[in-house]
Amino acid sequence: MSAKKPVKKVVLAYSGGLDTSVILKWLQDAYDAEVVTFTADLGQGEELEPARRKAEAAGVSEIFIEDLREEFVRDFVYPMVRANAVYEGLYLLGTSIARPLIAKRLVEIAHATGADAVAHGATGKGNDQVRFELGVYALDPDLRVIAPWREWDLNSRTKLIAYAEENGIEVAKDKRGEAPFSVDANLWHTSSEGKILEDPAEEAADIVYQRTDAPEAAPDKPEYVTIAFEAGDAVAVNGEAMSPATLLTRLNALGRVHGVGRLDLVENRFVGMKSRGIYETPGGTILMAAHRGIEQITLDRGACHLKDELMPRYAKLLYEGFWFSPEREMLQAAIDHSQKDVTGEVRLKLYKGSVNVVGRSSEHSLYSLEHVTFEEDIVYDQKDAEGFIRLNALRLQLLARRKRRLGHNE
């Protein structure tokens, strides 16, 4: 143990699984501290009451189990969608976007219970340790963060199970062997990494995909879906108004049937290494395509292009755990301002893994049929294009003449 001020009470991000159950007991022993557990329902699809029973069995008296699905989608996913945020051109940031909310609630519960520390179960190799801790420190710079995987010597499955058995911690039969891969899930996505997925040359086995049906087995008939937006946020599906979490749940169900949202990606982690992940984001893939579709007819060209320039920076900040940073908030303010007229409906076609926008309509549309028609019109004089081209060509002509004068043929 370090010479730091002793910890009296710690709030643990607790799933009820083997790892965090061991961490709970380890915190009690190694720090001689009272442990408060916090379990979040972010739409991961797991029964959460077992976490309560396990925490009670471990002697925990303050147990927080919270349904955060609406807050998660409304306050974290939707702002990300307004930004069209995609990391390294492909990744829809499903794990990254869940961490700020968990960090926020850890801090809030610590304040409410008088805890002087929080703890998480992220390993010392991944991005999540960074995301959790940057979030905590941004909200309370004086709160201590404990990361057991960076402190203890329980560095194998065998040691974890032995520790659990020595301390009377329940170990499910299916947890005694080494899991073939690790899974993280929430309402936005499911990610699978490690073990059988570590060789990027090998195709992922069918058992990896838990959120989506195989595109090859999807219906032979396409399905059409209409999504309505107000100020950049999705508010209805097929004419039915619904809350953010309910809407995303509906899109997840549609995407699952049609095999939408699968991604096999090797990404650059913030901590320096490359990692291979299998991501399933069925509803998110549909929603992102729809949002792009409504922006196509409602955003001014300059605003649209500026957003596309800002998006990679926004996505990088989110991926690296800087959700609560001033620069992310500055970008968000600009992005949100751009969305005031992003209102209307988008019609999409789902078919065997693909999502295609096939229709868009809006009272705020900037699309003018009178101006773009190939037929004869009275609003646009094509002769005007000549002066426009000459002005834009001037610098290119001057460059070309200099090359000719100096004999530069390249």
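Glycine is no exception: its Cβ is also placed from the backbone N, Cα and C atoms.
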ATP site partner of ALA13, TYR14, SER15, GLY16, GLY17, LEU18, ASP19, THR20, SER21, ALA40 (as recorded in Swiss-Prot), chosen from GLY114, GLY121, GLY124, GLY126: GLY121
Listed co-binder of L-citrulline (same site as TYR91, SER96, ASN127, ARG131, SER182, SER191, GLU267, source Swiss-Prot) among TYR137, TYR279: TYR279
Taking residues ALA13, TYR14, SER15, GLY16, GLY17, LEU18, ASP19, THR20, SER21, ALA40, GLY121, which bind ATP in the record, the widest Cα spacing (Å, whole number): 17
The one of TYR91, TYR279 whose CB sees the fewest other CB atoms within 10 Å, among these binding-site residues: TYR91
Cα-to-Cα gap, TYR279 (L-citrulline binding site) vs ASP128 (L-aspartate binding site), nearest whole Å: 16
Least surrounded among the binding-site residues, given as SER21, SER191, when other CB atoms within 10 Å are counted: SER191
Residues near THR123 (L-aspartate binding site) in space but at least six apart in sequence (CB under 8 A): GLN129, TRP149
Nonlocal residues around SER182 (L-citrulline binding site), in sequence order (Cβ under 8 Å, 6 or more apart): SER192, GLU193, GLY194, LYS195
Nearest of the binding-site residues (ASP128, ARG131, SER191, GLU267) to ASP19 (ATP binding site) - Cα to Cα: ASP128
